[in-house]
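For Asp198, His236, Ser410, the entry in TrEMBL reads active site, charge relay system. Residues or ranges marked as domain 'Peptidase S8/S53' by TrEMBL: 189-442.
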Amino acid sequence: MLCFHVKCLAVIIVVFVHLLYVKTAQNLIQPDLIDKLQTGGFANIIVTFKIKTNDTIIRFAEESKSIANRVEKITKLSDELQKLATSTQKQVLDFINNERANINYCILWITNQLTIRSASLDLVNKIATFDDVSEIRETKILQGITLSTVSNASDYIRDLKPHPDFSSANSYAVLQVKAPDAWAQGYDGTGVTVGIIDSGVKLTHDCLYDSYAGIENNGWFDPERKSNSPRDDRGHGTTCLSLIVGQFGIGVAPGAKWMACLMFDSNLGWMEDYALQCLQFMICPTDHEGNKKDCSKAPRVINNSWYYTAGEDDSNMRMIIPIFEVLDIVLVFCIGNEGIPCGVAGAPANYKEFIGVGGTSYKGNYWTGSSSGPSRTDGSIKPDLVAPADCVLAANSIGDNEYDSTLGTSLSAPIVVGVIALMLQKNSRLTKDEIKEILYKSCDP
């Protein structure tokens, strides 16, 4: 009889421990993700691990003060972060690779996370049982901006006078930032490579083709399809890039080269996990399949015309701040098109560490569609700068030689990136903080 009671007690304890273990594992999974998966569907997920990248980056910042070579510095930190990710994620990765199903995943060493596409409830529950995992949530769909064509553009620009030395510079945006004056002094961005994270690029557009860094130089990455050549099914990236490097008087820095990464999912939209993969790619570019990394190809400045809407949880993206600070790579973001109510500036443009760009109208006033600060993240004044956002002449991806006048702060950010490219040609040793200071002091109040 005593044995019976002992056995019963043992069974009860085992059941209790099991239920407690299941509950603890499920606590790692965000409730909205569980709700979605319980309906029998699938979800794109981000798995976060307990060990963060901060300690590695802080230690590296101290140890690397004596490293003057930029490539050596980027390579060393990316290697350390990759080592951290592969070691802390080992158990989960071993489990995934042993599964019979063909699981589409990517290691995000930039944040020590793992992104998995089309994950099932069963897979999520199993991953939640690993001790190293701290959270599992669904990947967010970010706010990409739909550009609007200005049908009556001729009414705005009929009085525009081209630059006397550059008759082809017939874009008021290029003229407003006085880019032709820099060209006249021999500064057009030559020798500088800029990055853009967007919907892709129409490589064959006549104002962009000649300035492509090239696939042989790790100039393109497509997380969705691993395509070996730039593509742009949306058109947004083509338009934005043309304002940085576009020929024929369209871009601010027509002598610069470009590299690009696609963050747009053909079925879902602007994806947070693709954005992180792209930021990772820009730090240490790889070939189109994600192999053969070469940190010497990393751009100095990166355009980002996308954002989290005000009030949306952007805490995951804040994890990228330390790595870009220590590597001194300039990130430029559009502030968003949420209008002039205070505090609606989109993240990451509203981080004090990054340059957030708002928009101006053709007449030089603050464009009413442009989002405003202050930052809800850290209280900083935003936007940092403003640039043309209304009636801006740019490339249109519907054809290889098509152009349109469009509007949106998506256009403002790349104009600033173009200006930074001119500055870096003049002095390649400028730090991020020096670039920001020069920009502030050079702007009209």
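Cβ atoms are placed via backbone N, Cα and C, with glycine included.
TrEMBL does not curate its annotations; it predicts them automatically.
Confidence across the domain 'Peptidase S8/S53' (189-442), taken as the mean pLDDT and rounded to a whole number, stands at 94.
Here the Cα atom of Asp198 (active site, charge relay system) is found 10 Å from that of Ser410 (active site, charge relay system). Separation of the C-alpha atoms of His236 (active site, charge relay system) and Ser410 (active site, charge relay system): 8 Å, rounded to the nearest whole number.
In this view, His236 (active site, charge relay system) is surrounded by 25 other Cβ atoms within 10 Å of its Cβ, with every protein chain counted.
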